[in-house]
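Participant: Quick one: this structure, given as structure tokens, is what I'll be asking you about.
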Amino acid sequence: MKLLHIDASVLGDNSVSRHLTAAVVAQFKQQIDGLQVDYRDLDANPVPHLRSGSLAKTDPAEAADAEQVLEQFLAADIVVIGAPMYNFSVPSTLKAWIDRVAVAGRTFKYTENGPVGLAGGKRVIVVSSRGGIYTDSPADFQEPFLRQTFAFWGINDIEFVRAEGIAYSPQHREDAIAGALAALPSHETAEVAAA
Ligand SMILES: Cc1cc2nc3c(=O)[nH]c(=O)nc-3n(C[C@H](O)[C@H](O)[C@H](O)COP(=O)(O)O)c2cc1C
């Protein structure tokens, strides 16, 4: 079985999402014998923004990396993504990664009856860390965006591990991390922290 682990936080060792994605992946490693883990740190190793040259494949190294990003995603049975809220949405590095996975004919296609997702059958776990509290807020352009993106690719098995109110106070931060760690998704439970 294959797991793809993606981090996007710019906060290094202070990152809440990095701490929590590491805990999720460690738990899956313990539970699944022989689990193969691929890792992409989008801060240390970002995917370039999609440009006209990307589509024309003018840079062979960029094209090869984009194909690897897509193949890594398609090959994964489980995808664990650290998705901090930055400016009400996801980090631009994560958006750039999504732009490389959203490829017609690979993760979705259009038909006469509308769009069809081609990447179903995966389990996606998103660690959502936020300075404020946005559950059920119309200002949340992060979780609904991710839910829609994965659903468009045919993936409806998406769970959110949330740590909210991180910026309210040190105690809020500690409690939010402890709460998330106490409810980590596991291989045995299909849905733990779904919205
Ligand atoms: C560039 C940047 C933008 C942010 N924008 C928001 C925001 O719009 N709303 C919010 O609640 N928190 C915001 N925050 C706070 C982060 O969501 C919070 O620090 C969270 O812990 C980030 O996850 P991380 O620790 O894994 O990086 C922002 C933080 C940064 C660094």
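Here, residue 1 is simply the first one shown, and the rest follow in order.
Quick reminder: no glycine exception, Cβ is built from N, Cα and C everywhere.
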Participant: Per TrEMBL, what member of S9, S54 joins S15, V16, S17, M85, Y86, N87, F88, S129, R130, G131, G132 in binding FMN at one site?
Facilitator: S9
Participant: Neighbour count, 10 Å Cβ-Cβ cut-off, for V16 (FMN binding site): what number do you get?
Facilitator: 23
Participant: With the cut-off set at 10 Å between Cβ atoms, which of these binding-site residues ends up with the most neighbours? Options: S9, N87, S129.
Facilitator: S129
Participant: Taking only the residues in the domain 'Flavodoxin-like fold' (1-184), give me the average pLDDT of this model.
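Facilitator: Summarising the domain 'Flavodoxin-like fold' (1-184) by its mean pLDDT gives 97.
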